[in-house]
Protein chains: 2
Amino acid sequence: MLTFLGTSAAVPTKRRNHIGIALKYDGDVFLFDCGENIQRQMLSTKVSPMRIKSIFITHLHGDHILGLPGLLQSLAFMGRKNKLKIYGPEGIEDIVRMSLNFGYFVREYDIEVITVKTDNPKIIEKTEKYEIIAYPTKHSIESYGYIFKEIKKPRLNPEKAKEFGVRKEDFKKLKNGIPVKSIYGLTVYPYQVLLPPKKGMCLAYSGDTLPIEDFGRYLKNLGCDFLIHEATFDDNLKDEAIETMHSTIGDAVNIAKIAGVKVLFLTHISARYDKEYFNIYKSNAEKYSNEKFKIFIPEDLESYNLKDFL
Amino acid sequence: MLTFLGTSAAVPTKRRNHIGIALKYDGDVFLFDCGENIQRQMLSTKVSPMRIKSIFITHLHGDHILGLPGLLQSLAFMGRKNKLKIYGPEGIEDIVRMSLNFGYFVREYDIEVITVKTDNPKIIEKTEKYEIIAYPTKHSIESYGYIFKEIKKPRLNPEKAKEFGVRKEDFKKLKNGIPVKSIYGLTVYPYQVLLPPKKGMCLAYSGDTLPIEDFGRYLKNLGCDFLIHEATFDDNLKDEAIETMHSTIGDAVNIAKIAGVKVLFLTHISARYDKEYFNIYKSNAEKYSNEKFKIFIPEDLESYNLKDFL
């Protein structure tokens, strides 16, 4: 489940909160960016702040970090005990340190701050079930996009397993790559009975950036189906986008096309499109409705069940 | 015009934002406390962040200060040029410094930080039209209540002025205490034609505090008509209020009674009263409906025209 907690750019509007995107996966919440008031936005969704495992900050502009102090404090007030990981570019340690000095409160949970520093895509977290990759992007300050990639285990071919005389209780071992003895007393190796794994869910988030075609190609290689790409401006403001190192709707569409995703979410929407001006933005996006992928412009607090699109 | 931008205690709820109260007076906005997201709350009211002249922080707990970084940044993005004053207890300079380092932005307006340090009520700002008094309160950390007191000029008695032969164009001089020449060539002194000034508007805000009867008596002497008093808990939680150095509804009512105000606003409401539990709080307050003053429990974004009550 993917929830857009905030979708604005630098300045929040009545309609849109500072940015923050929550991915719920296997009971954990992964939070991407944390603009002001993200903790309170969560209260209107099914995203539990206590379930946040890691926070991934794309860059240290205020609209992406101002919600950290309040969130970290409220987690303390709520009695959190579990460690929280916070990833971000150089300077993130200072931001977390300042966050913890913004008011007085007693904290019983640990915070591990991981400074991301890489010129190339890099796996920054990996478990049996998923890996998270930081991708260096192009903004006015050091910034990273993040990619969440589910790792699926190989499936067992039940017919093959039967043929080889594998006991049911040994299925799990084979899936984990461990050879077993069959009912015939012979050794059965995983490659003999396993099918290739199903494709895992893969979601990429650009953060603030100029469009990067290589990023699209990288996602294509990963087989990523979902892209959240910033599109601060409509296509008429391409000059402004270049100057401020942001993307337009057309830029985001182009990256999604290169990546071959199934769904593109446009976000980080300039305050100028508040109220009736949103029509300009929306109709610009509708120009691309013939693309092979779906395009959404999420409102704040909207959730998407990604499985619906696979 | 008095606007409640947020009315929650330590942790915000779906219903209530962190605390922040705006007084619009003579085109200026005076902001009392600035919890997280106060800048965005303003967007749903008639309070303009660009019109804020001074911010008064009662104490340095997160729920009273977390909105400062976002507000100060957005004022910069909006191109503010006018100086902003920020008052608060010792440590406020660090908070403002950290606020300005929370992200990267260019600021063209000056910020004057004034550390309040006093054991007795003290006038901290005074113009021809109003004065603002800091009143030391009793909380777990250094804290102040603030009192806004309008200064009214003496009124002219038009019949007396006519009797003395004062020219209309000289009325203003007399009101400002300057003697003038009459049409008869005689000197007219202000005391000869002036009436005592009308009572000015006076509004007090307690911040977080145990109830202080002396505070009530002080407001009585000032002739204060409006009191915003914290009432974090209902009367059944008096022990919890004492332990955490807060007030109950009954405490706030008692101070209002001593002060002899016309209107009491209860605020800084514990998160426990969210949803249906608010009825407990509300019916507790209703027990005091026979008092001589009006009692309000403002919701977020509610405005009150104080003149309506005078």
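Cβ atoms here come from the backbone N, Cα and C positions, even for glycine.
According to TrEMBL, the features are:
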- A:Asp63: active site, proton acceptor (ACT_SITE)
- A:His59, A:His61, A:His139, A:Asp208: Zn(2+) 1 binding site (BINDING)
- A:Asp63, A:His64, A:Asp208, A:His268: Zn(2+) 2 binding site (BINDING)
- A:17-246: domain 'Metallo-beta-lactamase' (DOMAIN)
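What TrEMBL annotates, mapped onto the structure for a quick look.
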| residue | record | DSSP class |
| --- | --- | --- |
| A:His59 | Zn(2+) 1 binding site | coil |
| A:His64 | Zn(2+) 2 binding site | helix |
| A:His139 | Zn(2+) 1 binding site | coil |
| A:Asp208 | Zn(2+) 1 binding site | coil |
| A:His268 | Zn(2+) 2 binding site | coil |
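Those same-chain residues not listed among A:Asp63, A:His64, A:Asp208, A:His268 yet with C-beta within 8 angstroms of the centroid of the Zn(2+) 2 site C-beta atoms are A:Ala9, A:Ala10, A:His18, A:Ile19, A:Asp33, A:Gly35, A:Thr58, A:His59, A:His61, A:Gly207, A:Glu230. Packing around A:His268 (Zn(2+) 2 binding site) is summarised by its Cβ count: 30 other Cβ atoms lie within 10 angstroms of its Cβ, all protein chains included.
Long-range Cβ neighbours of A:His64 (Zn(2+) 2 binding site) (same chain, at least 6 residues apart, Cβ-Cβ under 8 Å): A:His18, A:Ile19, A:Asp33, A:Cys34, A:Gly35, A:Ile57, A:Thr58, A:Gly207, A:Asp208.
Of all Cβ atoms in the shown protein chains, 27 besides its own fall within 10 Å of the Cβ of A:Asp208 (Zn(2+) 1 binding site). Note: the Zn(2+) 1 site is recorded as A:His59, A:His61, A:His139, A:Asp208; in the same chain, A:Thr58, A:Leu60, A:His64, A:Ser140, A:Ile141, A:Ser143, A:Gly207, A:Thr209, A:Met245 also have Cβ atoms within 8 Å of that site's Cβ centroid. With respect to their backbone Cα atoms, A:Asp63 (active site, proton acceptor) and A:His268 (Zn(2+) 2 binding site) stand 10 Å from each other. Comparing Cβ neighbour counts within 10 Å across the binding-site residues A:His61, A:His139, the minimum falls on A:His139. In sequence order, the binding-site residues from A:His59, A:His61, A:His139, A:Asp208 that place a Cβ under 8 angstroms from a chain B Cβ are A:His61.
Long-range neighbours of A:His59 (Zn(2+) 1 binding site) (same chain, six or more residues apart, CB within less than 8 Å of its CB): A:Gly88, A:Pro89, A:His139, A:Ile141, A:Glu142, A:Ser143, A:Tyr144, A:Gly207, A:Asp208.
Per-residue confidence over the domain 'Metallo-beta-lactamase' (A:17-246) averages out at a pLDDT of 96. Around the Cβ of A:Asp63 (active site, proton acceptor), a 10 Å sphere holds 28 further Cβ atoms from the protein chains shown.
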